[in-house]
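Trainee: Handing you this structure, nothing more for now.
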C-alpha cells in the first residue's frame with residue numbers, strides 16, 4: 001500500500017512545547033520522520049540590549065533568559081565581570097551564592113521533572129513538584145523579595161544579606177527533602193507506566209552527544225563525565241564534596257533520573273554550605289561606576305540545563321562592547337530532530353521534556 | 001512485581017486525599033509578601049526627594065522617568081515623576097540607587113489594566129494627594145551663593 | 001427478601017395508576033411508562049454529569065493538595081452549573097473548513113448511544129427500565145457505537161490533530177472492546193443468562209468479584225480504556241494532540257461530548273457494580289447486621305457501588321501517566337486478551353468440576 005507522509009505543525013501554541021517553541025513534524029502515521037524546531041518566537045535581543053546597558057544593569061536581563069534557574073544566570077555574569085575586574089568576593093557572599101544557585105537548580109529540576117510528568121499525562125506528579133518548589137521560591141522571596149527574577153547576585157557579592165531565620169528555614173527544607181524525594185520515587189519514578197514511557201526511548205550515544213556539543217544532564221545521561229562545577233570549578237565549588245550522577249545508556253530515562261539524582265547532590269552541597277557559612281560582609285568594595293579594564297573574558301558555569309557561558313568584551317567604558325551568552329538549552333535543543341526520528345508523536349513530547357528547553361533561554 | 005509501582009502511586013495519591021491542603025485562598029486571604037517584597041509601584045516620599053535623578057539613571061529599562069525644574073534658589077525640584085510598571089523589571093536598582101531612601105515599593109501587586117496607559121503611575125501626584133509635599137523654603141539671600 | 005417495594009418502585013407504581021385511567025389502553029400505558037423512564041434516564045444523565053464534573057474536579061483537587069472548586073455555593077457545588085451556563089451562552093462557532101454535516105452530527109451521535117445504554121441498567125430490584133433477556137449483549141452493542149462519533153469528529157474537523165485523535169479512538173476502542181466483553185463472559189457463564197436482573201439475582205450469596213477477580217481486573221482496565229480516561233486517554237491526549245477529536249468544538253457541542261463521556265463513565269461503572277459487585281444486593285453480612293443492610297433500599301446500594309467505581313476511575317486518572325499508543329495496543333492484545341481468554345477457560349473448567357462435584 002502506498003502511503004504518504006504529512007506535516008503536523010506542533011506549536012507555537014501547544015500545551016507541551018514549553019513555551020513558544022514550534023516544531024514542524026513530518027509524520028508517517030504516528031511515526032516521526034523528521035522534526036524541525038523553529039525558534040525565535042521569544043527573541044528579545046537580550047545580547048544587543050545588554051550592549052547598551054551598564055554592567056550592573058545587564059544582570060536583570062540574565063534573569064529573563066533561563067527564568068527557571070535565574071540565580072545561576074546572575075552568578076555566571078557576575079563572575080565573568082568580576083574575573084575581568086579582578087574582584088575578590090567576600091566569603092559569606094560566596095557561600096550565599098552557592099546556596100542560592102543550588103536551591104535554584106533544585107527548583108529548576110523540579111519544574112523540569114514536573115513538566116515532563118505532566119506532558120506524559122501524570123498531572124498529580126506535576127502539582128506535587130510545584131507545591132514543593134514553592135518552598136524554595138518562598139526562601140528566595142524572603143532573601144531578595146522576588147520569586148522568579150531575582151537580580152540578587154551582584155557584581156562583587158550579593159544584593160543584601162539573608163534575613164534572620166532564613167538559614168534555619170533553609171535547613172528545614174534540606175531536612176525535609178528526602179521525604180519529598182520519597183514521594184516522587186513512589187508516584188513518578190516507581191510507576192511502571194512512566195518507566196515504560198521513558199526507558200529505551202531516544203538513545204543518545206556519548207560520541208553523538210559530544211559531537212553535538214550537548215551539555216548538562218543531556219550529556220551526563222550518555223555517560224560523559226563533564227560537570228563544570230567539577231571540571232572547571234568556579235567560585236568555591238572546589239570546597240564541597242558531591243558526586244556527578246552519570247547515566248549509562250543515554251535514553252529518556254537516564255536523562256530524567258540523572259537530574260533527579262542531581263537534586264540530591266545539590267542538597268548535599270547546600271547542607272555543607274550551610275554548615276560552613278561564615279559571618280561577614282556580603283559585598284566587596286565595588287566602585288559606584290563599574291568600568292572594567294579593556295579586555296575580554298569568557299566564564300562558564302553549570303546551569304541546570306548545561307554549560308552556560310558568558311563572553312564579555314570591555315572597551316574600558318561603562319557599557320560592555322560585546323555581551324554574549326552561550327545558552328545550553330539552545331544547543332541541546334538541536335538534538336531534537338536526531339532523537340525524535342523513528343519514534344511516536346507521544347515520544348516527541350517526552351524527548352522535548354528531557355532536553356529541558358526553556359524558551360526564554362533558547363531564543364534569548 | 002509488575003503493578004507494585006502503580007499501587008504505591010495510588011497509595012500516595014490516596015493519602016494525599018486526606019492531608020491538609022496547601023491552597024492559599026487568595027482574594028479572601030492576602031498572601032504574605034515578605035519584608036523585602038519587590039513589586040507593585042514606586043512609593044515616592046516627595047519631601048525627602050532631592051531630584052538627583054539617580055533612580056532614572058539606574059533603571060535598565062527606562063521605567064522610572066522624572067523631570068526637574070530649578071526653583072527660586074536654583075535648586076532642582078521634581079516636576080514630574082512617573083513609574084511605568086509596564087516597562088518595570090522589578091530589579092530593585094532604583095531603590096538601591098536612591099541616596100535619601102525616598103522611594104520604596106508599595107505592596108499593591110494587582111496592577112492589571114485594560115490599556116498600557118493604566119500601567120503608568122504618576123508618583124508625584126500620588127504623593128501630593130497624600131499631602132506629602134516639600135515645604136517651600138524661604139528664599140535665601142543672594143550673597144550666600146557661591 | 002426485598003419484598004416491600006421501595007421508594008422508587010412505588011413512585012413508578014403510582015405514576016402508572018395515575019396514567020392508566022387517563023389512557024385506558026394497557027399498551028398505551030406501557031408506552032407512556034417508557035416515556036417516563038426515558039425522561040428519568042435523561043434527567044439522571046444530566047444531573048449526574050453535573051455532579052461528576054464537580055466530583056472529578058474535587059477529587060483531582062484533593063489528590064493534589066488543593067481544594068478544587070470552592071467559590072460558588074457550599075463546597076463549590078454550583079460550580080458546574082455555572083460552567084454549564086457559560087457553555088450554553090458561548091457562541092456556536094463553526095470553523096470554516098469543517099465537513100459540515102459530519103462535524104455537526106458527531107456530538108449528537110455521541111450522546112445517543114449513551115442514553116440508549118441506560119435502558120438496561122439495573123438500578124434496583126424491579127427498577128430496570130427495559131429488562132431485556134439479552135441485556136448485557138445490548139449494552140455492549142450500543143456502547144460500541146461510541147467509536148463512530150469520535151471518528152466522525154476527527155474526520156469532519158479537517159484538522160490533523162483531530163484526525164490523529166479519531167484514528168487513535170478507533171484503534172483503542174475496538175481493541176479494548178474485546179477484553180471488555182470477554183471479561184464479562186466469565187460472569188455470564190456462571191449465571192447462564194444475559195439478562196441483567198438475573199445476573200444481579202445470582203449474586204445474592206456471593207459477589208462475582210470474589211469468584212472472578214481476574215475478570216474484574218480486566219474489566220476495570222478495559223472499561224477505563226473504553227471511556228478514554230487516563231491512563232488510556234490517548235484519544236484526547238492533551239499534551240500530545242491538544243484535544244484530539246474535540247479540538248475544533250466549543251460551547252454546547254463540546255459539552256455534548258463531555259456529557260456523553262460522563263454518561264459512559266457512569267454506564268460502565270454501573271455495569272461493573274451490576275456484574276461484579278452484586279448490583280442492588282446489600283453487603284452480605286451475617287446476623288442482625290445483615291438485616292440492617294437489607295433495610296437500605298437496593299437502588300441506594302447500587303448507586304453507592306457505582307459511585308465507588310467512579311471514584312476508582314477518577315483515582316486512576318489522577319495518579320497515572322498516559323500510555324503510548326503502541327504500548328496501549330500491545331497491552332490490549334498481548335496481555336488483556338489472553339488473560340480474559342484464560343479466565344474463560346478456567347471458569348469453564350471450574351463450572352464443569354463443580355457440576356461433577358455436586359453430581360449434576
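Note that Cβ sites are derived from N, Cα and C of the backbone, with glycine treated the same way.
I grabbed these lines from TrEMBL:
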TRANSMEM  C:31-54  transmembrane segment
TRANSMEM  C:101-124  transmembrane segment
TRANSMEM  C:136-155  transmembrane segment
TRANSMEM  C:176-194  transmembrane segment
TRANSMEM  C:206-225  transmembrane segment
TRANSMEM  C:262-280  transmembrane segment
TRANSMEM  C:300-319  transmembrane segment
TRANSMEM  C:331-354  transmembrane segment
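Structural setting of the listed features?
Mentor: The list of residues near the transmembrane segment (C:31-54) in space but at least 6 beyond its ends in sequence, with Cβ under 8 angstroms from a Cβ of it, reads 12, 15-16, 19, 23, 69, 76-77, 79-81, 83-84, 114-115, 118-119, 129-130, 258-259, 262-263, 265-266, 310.
For the transmembrane segment (C:101-124), the residues of the chain that approach it from at least six positions outside its boundaries are 6, 8-9, 37-38, 41-42, 44-45, 94, 130-132, 135-136, 138-139, 142-143, 145-146, 148-150, 152-153, 155-157, 196-197, 199-200, 245, 248-249, 253-254, 256-257, 259-260, 263-264, 267, 270-271, 274, 279-280, 297-299, 302-303, judged by C-beta separation under 8 angstroms.
Within the chain carrying the transmembrane segment (C:136-155), a Cβ under 8 angstroms from the stretch's Cβ atoms is held by residues 99, 102-103, 105-110, 112-114, 116-117, 119-121, 162-167, 169-170, 173-174, 177, 180-181, 184, 188, 194, 196, 199, 226, 235, 244-246, 248-249, 257, 260, 264, 267-268, 271, 275, all 6 or more beyond its ends.
If you look at the transmembrane segment (C:176-194), the same-chain residues 6 or more away from its ends with a CB under 8 A from one of its CBs are 133-137, 140, 144, 202, 208, 211-212, 215-216, 218-219, 221-223, 225-226, 232, 271, 275-276, 332, 336-337, 339-341, 343-344, 347-348, 351.
If you look at the transmembrane segment (C:331-354), the same-chain residues 6 or more away from its ends with a CB under 8 A from one of its CBs are 172, 175-176, 178-179, 182-183, 185-186, 189-190, 212, 214-215, 218, 221-222, 225, 323.
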Trainee: What parts of the chain pack near the transmembrane segment (C:206-225), using Cβ distances under 8 Å and only residues at least 6 beyond its ends?
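Mentor: Here the qualifying positions are 172-173, 176-177, 179-180, 182-184, 186-187, 190, 231-232, 268-269, 271-272, 275-278, 281, 284, 309, 312-313, 316, 328, 332, 336, 339-340, 342-343, 347.
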